[in-house]
């Protein structure tokens, strides 16, 4: 839908901006044999991996799939096992597609920029093609080539060879970046085409279903917020004798030291019976204790 497209576009723009800032402030090729490759690949791959993990973590569908696994598969029978597997695969593909937006953008932008790729593979370029010190040993040639990303370390007689190597590597990096973009665009387009072909819904019916799911989620979130607020309000009122926003409060309850200790500290979700849980220490106290104790009347005319 439009919201997904807009969200993906925002993610891509933020990733591009972050990559530019990241390269400007942190990237500095070591220009040393054996270190360039590790350094370049680390700056190219590690941020992309982190962005991929963050993309999975920020997607609600990921946690719905993980936390609902037992409830989904606990009722699986031989007749619907295949359907459940298809559903899980479809959701995983959808989650992965959303999670790949940022890392693919990072990889594409860094490859088109070329700096990381040049740093990583400069020492592996066959430099003798460009007349770069033809009479030196292979190890010395690798050492010389490793300094090419750092122009200040290159001897004047090798400046032309260095420029040719940098142009070659930048060409390779940019071609790889555009190929990555092309492959991703084609894959996304074909995926949408296949999903549409195998969809049991017509075009307008699919639009209606998408709108329904979106509205249902919004209404559910609003109802969840209101329901939990009302439920929490009852427990707070039991503890203090009133709840925030009350008008014409006649009296307030003074909790005892034991009651303060009962609701303080760390709490885990605790199972009460087969169907219910205690959500917090205050919730546990409200279900177990009677709201007796000291009450203090409030003078309405200060």
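Backbone N, Cα and C atoms are what each Cβ position is placed from, and that goes for glycine too.
What TrEMBL lists as transmembrane segment is 5-25 (among others). Only residues 6 or more beyond the boundaries of the transmembrane segment (5-25), in the same chain, are considered here, and those with a CB under 8 A from a CB of the stretch are 47, 51, 98, 101-102, 105-106, 109-110, 113, 115-116.
With a threshold of 8 Å between CB atoms, the same-chain residues lying at least 6 positions outside the transmembrane segment (37-60) that come near it are 15, 19, 22, 26-27, 29-30, 95-96, 98-104, 106-107, 110-111, 116-121, 123-124. For 37-60 (among others), the entry in TrEMBL reads transmembrane segment.
The annotation transmembrane segment is assigned in TrEMBL to 81-101 (among others).
Residues or ranges marked as transmembrane segment in TrEMBL: 175-198 (among others).
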Can you name the far-off residues of the same chain, 6+ from the ends of the transmembrane segment (81-101), with a Cβ under 8 Å from a Cβ of it?
4, 8, 11-12, 15, 52, 55-56, 59, 61-62, 65, 72-73, 184, 188, 191
